[in-house]
Amino acid sequence: MSGTTVLLLTCLFLVTMATSDCDLYDDSCTGTEICCTPPGDYQGNCMEGEDCPSGGR
C-alpha cells in the first residue's frame, strides 16, 4: 500500500472513532439513553430509545 492510502485509512479510522459515542461492548450511555447502532455495526451514538430507528440495544 502506498503512504497516501495508509494516511487516508488512518484519517477515516480516527473520524469513525470520534463520531461514535458508544459501542455494544462498552455502552457508555447515561440515564435512559441507549446505544443506537446502525444495522450490522457495533458502534453507534447515544440517544433516547424512541429516537433510535434501528432499535439499538
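Note that Cβ sites are derived from N, Cα and C of the backbone, with glycine treated the same way.
It should be emphasised that the depicted structure is a prediction, and the values quoted were computed from it without experimental measurement.
Listed features, source Swiss-Prot:
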| type | residues | note |
| --- | --- | --- |
| SIGNAL | 1-18 | signal peptide |
| DISULFID | Cys22-Cys36 | disulfide bond |
| DISULFID | Cys29-Cys46 | disulfide bond |
| DISULFID | Cys35-Cys52 | disulfide bond |
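Using a 10 Å Cβ-Cβ cutoff, Cys35 (disulfide bond) registers 23 neighbours. In this structure, the CA atom of Cys22 (disulfide bond) is 7 Å away from the CA atom of Cys46 (disulfide bond). A Cα-Cα distance of 5 Å separates Cys35 (disulfide bond) from Cys46 (disulfide bond). A straight line from the CA of Cys46 (disulfide bond) to the CA of Cys36 (disulfide bond) spans 6 Å. Taking a C-beta cut-off of under 8 Å and a sequence gap of six or more, Cys29 (disulfide bond) has these contacts in its own chain: Asp21, Cys22, Cys35, Cys46.
DSSP gives Cys35 (disulfide bond) a strand state.
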